[in-house]
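> This is the structure I have questions about; it appears just below.
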């Protein structure tokens, strides 16, 4: 009787296979969803990239790389699961490991950036100031490239980031303003310079002038100069990258989600290999 049952199982191998978890089906569905999403994102980013000016392309350029990587990974994963192709699975996981390397590296960078972004509240005001020297050398070099700073500077001037501070206001009102990081670092001199306040973008030398600080010498009342050449301006650009990056929690969730999809694909691949050996 036991032999009859064994023969029945051999005649109906699909019963045993159907009892196992359907990793291949789940991976096929998830890859299809990823494929549609990545394709839509890729088209949207490419369209936005060619419609924006040079100043905004530093945002869309990484988006092209990310969306193309997701598109390639999803496409190979979908066809690998659909055709049960060992070769396509290998290509898929090669792209997946590259993707995970980028995601983990970005998460580490965000953690370091979060630890080093520490604005100081200037006494007696509501103005926070940023210091370029607070950032590690590798962090500052990664975000701020000296040979490309002129492009960033030109874009800041072109976008009129300091326009809000053009009108005259009392010093007491200015010192209680909630300035954005760029307004604080690029549109006014460091308050430690000891300059006399005339209006937000106009300051004059006083007897308390601090000529030892390099940024104090770089300040100019000209609308095309202001503090765009200051280290404080470079510091707030780094801080702005921190503010526009995903939070640490979101990065961790992103890593966990990617690993779950990757493990599902891995088990689907193992099952296909096992079936091909039978």
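Residue positions begin at 1 at the first shown residue.
Each Cβ is built from the backbone N, Cα and C atoms, and glycine gets one as well.
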> Both residue 25 and residue 47 on the same side of the membrane in Swiss-Prot, yes or no?
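Each on a different face of the membrane, per the record.
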> Do any residues, 6 or more residues outside the transmembrane segment (93-113), come within under 8 Å Cβ-to-Cβ of it, and if so which ones?
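Distant contacts of the transmembrane segment (93-113): 69-70, 72-73, 76-77, 136, 139, 142, 238, 241-242, 245-248, 251-252, 254-255, 258-259, 262, 265-266, 269.
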> Can you give me the Cα-Cα distance between residue 202 (N-linked glycosylation site) and residue 220 (N-linked glycosylation site) in Å, rounded to a whole number?
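Distance (Cα to Cα, whole Å): 8 Å.
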> Provide the three-state DSSP residue tally for the topological domain 'Cytoplasmic' (84-92): helix first, then strand, then coil.
7 helix, 0 strand, 2 coil
> Restricting to the topological domain 'Cytoplasmic' (1-25), report the mean pLDDT as a whole number.
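Over the topological domain 'Cytoplasmic' (1-25), the predicted model scores a mean pLDDT of 50.
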> What is the number of residues in the topological domain 'Extracellular' (114-249) that are helix, strand and coil, as DSSP sees it?
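Within the topological domain 'Extracellular' (114-249) the tally stands at 63 helix, 13 strand, 60 coil.
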